[in-house]
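Colleague: So TrEMBL lists these for the protein:
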{"type": "TRANSMEM", "residues": "26-51", "note": "transmembrane segment"}
{"type": "DOMAIN", "residues": "41-289", "note": "domain 'G-protein coupled receptors family 1 profile'"}
{"type": "TRANSMEM", "residues": "57-79", "note": "transmembrane segment"}
{"type": "TRANSMEM", "residues": "91-115", "note": "transmembrane segment"}
{"type": "TRANSMEM", "residues": "135-162", "note": "transmembrane segment"}
{"type": "TRANSMEM", "residues": "200-226", "note": "transmembrane segment"}
{"type": "TRANSMEM", "residues": "238-260", "note": "transmembrane segment"}
{"type": "TRANSMEM", "residues": "272-291", "note": "transmembrane segment"}
Amino acid sequence: MHGSNQSGVSEFLLLGILESPEQQRILFWMFLSMYLVTVVGNVLIILAISFDPRLHTPMYFFLANLSFTDLFFVTNTIPKMLVSLQSQNKAISYAGCLTQLYFLVSLVALDNLILATMAYARYVAICRPLHYSTAMSPGLCVLLLTLCWALSVLYGLTHTLLMIRVTFCGSRKIHYIFCEMYVLLRLACSNTQVNHTMLIATGSFIFLAPLGFMIMSYVYIVRAILRIPSASSKYKAFSTCASHLAVVSLFYGTLCMVYLQPLQSYSMKDSVATVMYAVVTPMMNPFIYSLRNKDMHGALGRLLLGKAFQRLT
């Protein structure tokens with residue numbers, strides 16, 4: 001990833017999705033605010049789960065890792081985006097662009113796999129509660145997380161190494177806010193059919209297979225909940241799944257609009273959708289997972305207010 005490719009391109013220009021200086025200033029303050037909210041929200045989630053023994057369960061273990069992934073994800077893209085929006089120097093080196101692309105692709109895949117693992121944890125908790133402690137042992141949780149990381153790293157490396165083979169010539173202007181896969185492929189002057197085929201093939205495995213697994217898990221979960229005689233117990237069981245379903249819907253809704261389509265049809269509306277999953281989704285996740293979660297409310301209260309909160313509760 002170091003150095004330029006065979007076409008001699010040493011850098012790209014990140015021009016952003018809006019070109020007028022006034023609009024770029026608005027975008028700068030908007031993205032800066034969103035970045036700060038995302039960092040604070042995800043750091044609080046991680047700290048609350050880490051320091052509260054009551055949250056040392058598989059569900060919160062994966063939630064803390066999801067927050068860490070989102071934190072790493074936005075830090076990979078937004079700081080460089082802010083520099084490009086604020087300064088006249090909008091250049092990003094070829095190596096820097098591919099590095100950003102690698103982490104972008106890997107972390108999107110990791111986000112997705114962790115969401116699938118969380119769906120499995122909820123399935124075990126609701127459908128097999130008596131086996132929960134053995135089926136979701138600490139060792140298995142670490143093993144599942146390790147597998148998620150390994151698949152994500154492999155996925156990111158595959159597409160980054162394929163991108164190194166691409167020849168760029170002519171325009172090096174990226175009318176976008178970070179080095180995104182489809183945007184780079186549209187700048188290529190060599191044949192990118194292999195890249196696009198692998199993007200569809202591996203994407204179907206790394207995204208559609210977990211989605212199918214999540215759908216099956218929730219089919220069994222809903223069937224199990226409907227058998228519960230108590231209405232209040234049904235509501236409690238459904239409410240524990242609502243946050244996860246909201247995050248999955250937001251994640252896949254934006255992702256499918258961008259990547260499950262031919263490269264030739266990629267347009268500005270897809271740029272907006274990419275901003276949604278790259279910026280908005282990581283910012284919203286902490287709110288979604290904490291707003292209706294009493295355990296998280298308590299942990300955040302104890303983290304921020306300490307003994308004063310304990311006396312109030």
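Indices start at 1 and increase along the chain as displayed.
Yeah, the Cβs are placed from backbone N, Cα and C, and that goes for glycine too.
What you are looking at is a predicted structure, and each value in this text was computed from that prediction instead of being measured.
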Colleague: In this predicted model, what is the average pLDDT of the domain 'G-protein coupled receptors family 1 profile' (41-289)?
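Modeller: Averaging the confidence scores along the domain 'G-protein coupled receptors family 1 profile' (41-289) gives 85.
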Colleague: Sort out the residues at least 6 away from either end of the transmembrane segment (200-226), same chain, that have Cβ-Cβ distances under 8 Å to it, and list them.
Modeller: 109, 112-113, 115-116, 119-120, 122-123, 126-127, 151, 155, 158-159, 234, 237-238, 241, 245, 248, 252, 255, 259-260
Colleague: So what's near the transmembrane segment (26-51) in sequence-distant terms, Cβ-Cβ under 8 Å and 6+ beyond its ends?
Modeller: 16-18, 60-61, 63-64, 67-68, 70-71, 74-75, 78-79, 81-82, 85-86, 177, 279-280, 282-283, 285-287, 289-290, 296, 299-300, 302-304
